[in-house]
Amino acid sequence: MNHSPIIIALDFPQKEPALTCAKQLSPQHCRLKIGSELFTREGAPLIAQLRELGFEIFLDLKFHDIPNTVAAAVRVAADLGVWMVNVHASGGLAMMQAAKEAATAAKQAPLLTAVTVLTSFDDAALGSVGVDDLMESQVQRLARLAFTAGLDGVVCSAAEVPVIKKSTAPQFLTVTPGIRPQQSAHDDQKRVFTPKEALAQGSDYLVIGRPITRAADPAQALNAIMATL
C-alpha cells in the first residue's frame, strides 16, 4: 500500500515525456496528477497506461458547471479508475453534493476534493474578481461548504491547512500545491512551502511538479525530498 504523501504533477504537453518520467518513478513512493493540458491532448488512454504501471491517479480537471454536468463528469472519471478527482468549491453546495453522490455511487469510488482558492491567487487577485474577503476568510468559507457537501477534502495552500482542519474535521483531507524544496524556484506559485513545512502544517498530500519532473534524475529528486520528511 502507498503511504507516501507525495503527488507528482505530470505537467507535460503530451504523453511521451509524461510516460518517460513516470517509468523512472515508483508507484510505491508517489501518486501522479494529470491536469487539463495533458488530459485534453491524451485523454483516457493515458490514464489507463499510467494505471498499468501501478500508479494511483489524481485527475485534476477542477470541474465547475451545473450540478448534472459535473455529476456526469465525475461518473466518467470514476469509470476511468482514478484515485482522486476534484471540483471547484465555488461551484456551490448543490454542485458539490451532486458530484459526491456520483462519486459514491461508482463501483470504485474516487476521493472527491474541492479547490478552494488557487495557489496562484493572493488578496489582490481575489479582489480583482469581485471577492472582497481576505484570502483566509474565503478559503475557510469554501472549505466549510465542501465539508458540508460531504466531500473528502480540499485543495488549498499549506498556509490554510490548520484553520481548515479546525473548522471542519481532522480527517478532512488537505491536498496542497505550491510545494517547493529549499532553493527551488517559485515559478507561478504565490504561496509556497517546503515539503517538511507543509507536513508540519498538517497537509495530508503534497503536490510537487517541476522540482521532480524537470530534474535530470526524477527518482533521485523524489528520494531527496522524501529524505527531508
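Cβ coordinates come from backbone N, Cα and C, glycine included.
For reference, Swiss-Prot has these:
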ACT_SITE  K62  active site, proton donor
BINDING   D11, K33, 60-69, T119, R180, Q189, 209-210  substrate binding site
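What Swiss-Prot annotates, mapped onto the structure for a quick look.
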{"residue": "D11", "record": "substrate binding site", "Cβ contacts under 8 Å, 6 or more apart": "G35, E37, L38, G209, R210, T213"}
{"residue": "L61", "record": "substrate binding site", "Cβ contacts under 8 Å, 6 or more apart": "G35, S36, F39, A73, A77, V85, N86"}
{"residue": "K62", "record": "active site, proton donor", "Cβ contacts under 8 Å, 6 or more apart": "S36, N86, V87, H88, V115"}
{"residue": "H64", "record": "substrate binding site", "Cβ contacts under 8 Å, 6 or more apart": "V70, V87, H88, S90, G91, M95"}
{"residue": "P67", "record": "substrate binding site", "Cβ contacts under 8 Å, 6 or more apart": "A94, M95, Q97, A98, A99"}
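Classification of L61 (substrate binding site) by DSSP places it within a strand. The number of other Cβ atoms within 10 Å of the Cβ belonging to T119 (substrate binding site), over all protein chains shown, comes to 24. Mapped onto three states, the DSSP output places P67 (substrate binding site) in helix.
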